[in-house]
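Here's what TrEMBL has on this protein:
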TRANSMEM  7-27  transmembrane segment
TRANSMEM  39-59  transmembrane segment
TRANSMEM  66-84  transmembrane segment
TRANSMEM  90-114  transmembrane segment
TRANSMEM  135-155  transmembrane segment
TRANSMEM  161-184  transmembrane segment
TRANSMEM  205-228  transmembrane segment
TRANSMEM  248-268  transmembrane segment
TRANSMEM  280-300  transmembrane segment
TRANSMEM  306-325  transmembrane segment
TRANSMEM  345-365  transmembrane segment
TRANSMEM  377-396  transmembrane segment
Amino acid sequence: MKNIKLFYILNFLRNLIPICPVYVLLFQSKGLSLGEISLLLAIWAVPAVVLEIPTGILADNWNRKHMLTLGFLLNAAGFMLWYFSEGFALFALGFILWGISESFFSGTFEGLLFDTLKACGKEDEFDRIYGRANFFAGISMAISMFTGGFLSAALGMGNALLLSVLSVMGGFLVSFFLKEVNYYHSKTGKKQGLRQGMKTLKEAALFLTGQHKILLVALAGIFIVGIANIIDEYDPLIAESFRLDLTWIGIWEGCRLLLGALGSRIAWRVKGLAGRLRFGDIFGVIWTLSIVSAICMGIFGLRPSWLLLPLYGLFYLMMASAEVLVEDWLQQKIEEQGRATVHSLFSLAFGGYGILFCSVFAVVMPEFMASRVLMGVSAYMFLACLAMGAAYRVYVRKGTRG
């Protein structure tokens, strides 16, 4: 179980990046235009999307521990390029390395964690352990948000960047102490090559689409639960609508991250409570969390105020719990498929949906108004829950008749 404590440390160090809240200001201080900065943010997403599936396949058919180690190294190298950069090119290359590292982490972490627990006969505790790992990640991001601006002001953005490098390099060193556990790789007889990779991809795709219930839970995770990870990009603008300055916006962001971390931490308790109350299966739990979250968002959106602000925080807390429960349920259902590849397919689908959602949102709401955004998200989630719930009832009825 040594891996478990190491997972907590790795998730904390990976997200302890003080430069994150201010890196746009770093680019600006080096003379980059708004257009160049926007292009940099787009560049980051390209390798993460393009390599999502190949790296997932590689993690299942090679060595997950080595994938994590390389991910940390690439991330640190990207930040070091930023440190020496005086213009667009090195910043872009740094973002490319960061994007590649994210694709190395995606699915690899979940696959190695589940197989580690399986080796100890404790795979039923995945929701608790995974939720706690996400808790440490959220705490780390909140610390970065709270301290990033202060450290940059007191020590300079260059030193804040070096602290980020040191944190990620700490993760690189800690990863060497992980123990590799990969049941899929053992099952395939350590076969590699294009043919084996395509087989892994086909198995993962069939897993996600071959059974109606698995498909519905995955779609709920993407189209409903995942919305929290899309609209958080608008969170600083919502904070700004309360007439907060940059310091208080950072504190606002940090508090939101802390609530998300708490939601991840208590996800296993939510699942246990639902079981004791005979609440139904996992879809019912996820659906209820989502519909209540939509209502909270809608009430807050009707009249955004400090009095109703806890409802906004509750939205992120419940969605973080739902996210852990979706991942846990899918991992528990995987039998012979590559875990990292299944997660990568799920992440790729979510990434595509996120791009589409933001594009449509930009057309529907060309001008930002906090109340309209909040109400629009609430209405979307409510309608999506109704549609997904109806589809699930049809599935249940067909199963009963069968």
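Backbone N, Cα and C atoms are what each Cβ position is placed from, and that goes for glycine too.
Predicted, not measured: the structure shown is a model, and the values here were computed from it.
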Cβ-Cβ under 8 Å with the transmembrane segment (135-155): same-chain residues at least 6 beyond its ends: 8-9, 11-22, 25, 163, 246-247, 250-251, 253-255, 257-258, 260-262, 264-265, 320
Contact ranking winner - 66-84, 90-114, 205-228, 280-300 against the transmembrane segment (306-325), Cβ under 8 Å: 280-300
Contact call for the transmembrane segment (280-300) and the transmembrane segment (205-228): at least 3 Cβ pairs under 8 Å, seq gap 6+: yes
Dominant neighbour of the transmembrane segment (66-84) in 39-59, 161-184, 205-228, 377-396, by Cβ pairs under 8 Å: 161-184
Beyond the flanks of the transmembrane segment (248-268) by 6 or more, those residues with Cβ under 8 Å of it: 21, 125, 127-128, 131-132, 134-139, 141-143, 145-146, 148-149, 228, 232, 235-236, 239-240, 242, 313-314, 316-325, 328
Segment proximity, the transmembrane segment (377-396) to the transmembrane segment (39-59), 3 or more C-beta pairs under 8 Å: no
Folded-back contacts onto the transmembrane segment (7-27), same chain, C-beta under 8 angstroms, at least six residues removed: 36-37, 40, 68, 72, 75, 79, 82, 91, 105, 109, 113, 116, 129, 132-134, 136-141, 143-145, 147-149, 151-152, 157, 160-161, 163-164, 167-168, 170-171, 174-175, 250, 253
Most Cβ pairs under 8 Å with the transmembrane segment (345-365), selected from 90-114, 161-184, 205-228, 377-396: 205-228
Same-chain residues at least 6 beyond the ends of the transmembrane segment (205-228) whose Cβ lies under 8 Å from its Cβ atoms: 260, 282-283, 286-287, 290, 293, 315-316, 319-320, 322-323, 326-327, 329-330, 333-334, 337, 342, 345-346, 349-350, 353-354, 357, 377, 380-381, 384-385, 388, 391-392, 395
